[in-house]
Amino acid sequence: MERTLSIIKPDAVAKGVIGKILDRFESNGLKIAATRKIQLSRAEAEAFYAVHSERPFFNDLVDFMISGPVVVSVLEGENAMQKNRDLMGATNPKEAEVGTIRADFAQNIDANAVHGSDSVENAAIEIAFFFSEREIS
Ligand code: IDP
C-alpha cells in the first residue's frame with residue numbers, strides 16, 4: 001500500500017466540486033485515509049511550495065493557494081502516487097487528457113483544481129506537513 005497527498009485547490013472548492021473530485025479517487029481504487037478542509041496561511045503556502053520559490057510564478061501560486069479554503073487528503077492504495085497523477089492530468093488543463101480531473105474541472109495553469117505529490121518521497125514529506133500519523137487510518 002502506498003500513500004500520496006492530494007490538495008483540492010481554492011478554484012475547485014469555490015466551484016463546489018469537492019465531492020465530485022473525491023469520488024474520482026474512490027471510484028478508482030484510492031481510499032481517503034484522511035481529509036480536512038483548511039485555509040492555508042501565507043507562511044504555510046510558501047513553505048509547502050518552497051521547492052518553487054525561485055520560479056517566476058511563485059508569488060502568484062502562493063496568492064492563489066491562500067485565496068480560499070483547500071481540501072487536503074491522504075490517498076491510499078496500490079501505486080497511489082502515480083494513480084493520483086494519472087487521474088489529475090497534465091499541469092496545464094489545456095494539455096490534460098479528456099476525463100482527467102484537470103480537463104473536467106480546471107480553468108488554466110494557475111487555477112488547475114488539484115495538487116498531487118510527484119514522487120513517493122515527496123508524498124511522505126507532504127503528508128507529514130499536514131497530518132499526524134494518528135489522523136491517518
Ligand atoms: P504539478 O502541480 O502538476 O505537480 P508543478 O510543476 O509542480 O505542477 O507546479 C506546481 C503548481 O505551480 C502547478 O500546479 C501550477 O498551479 C503552478 N504552475 C506551474 N507551472 C506554472 C506556470 O508556468 N505558470 C503558472 N503557474 C504554474
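Keep in mind that glycine also has a Cβ here, set from the backbone N, Cα and C atoms.
Features of the protein shown, as given by TrEMBL:
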type	residues	note
ACT_SITE	His115	active site, pros-phosphohistidine intermediate
BINDING	Lys9, Phe57, Arg85, Thr91, Arg102, Asn112	ATP binding site
DOMAIN	1-137	domain 'Nucleoside diphosphate kinase-like'
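The structure, with features from TrEMBL marked on it.
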{"residue": "Lys9", "record": "ATP binding site", "DSSP class": "coil"}
{"residue": "Phe57", "record": "ATP binding site", "DSSP class": "coil"}
{"residue": "Arg85", "record": "ATP binding site", "DSSP class": "helix"}
{"residue": "Thr91", "record": "ATP binding site", "DSSP class": "coil"}
{"residue": "Arg102", "record": "ATP binding site", "DSSP class": "helix"}
{"residue": "Asn112", "record": "ATP binding site", "DSSP class": "coil"}
Highest Cβ count within 10 Å among the recorded positions Arg102, His115: which residue is it?
Arg102
Given the binding-site residues Lys9, Arg85, which one is most crowded in terms of C-beta atoms within 10 angstroms?
Lys9
Does any of Lys9, Phe57, Arg85, Arg102 have a Cβ within less than 6 Å of an atom of ligand 1? These are the binding-site residues; tell me which, or none.
Phe57
Residues with Cβ closer than 8 Å to the Cβ of Asn112 (ATP binding site), same chain and 6+ apart in sequence?
Lys9, Asp11, Thr91, Asn92, Pro93, Arg102, Ala106
Please report how many Å separate the Cα atom of Arg85 (ATP binding site) from that of the residue listed as 'active site, pros-phosphohistidine intermediate', as a whole number.
9
Residues near Phe57 (ATP binding site) in space but at least six apart in sequence (CB under 8 A):
Asp110
Within 10 angstroms of the C-beta of Thr91 (ATP binding site), what count of other C-beta atoms is obtained when all protein chains are considered?
12
Recorded ATP binding residues, Lys9, Phe57, Arg85, Thr91, Arg102, Asn112 - maximal Cα separation rounded to whole Å:
21
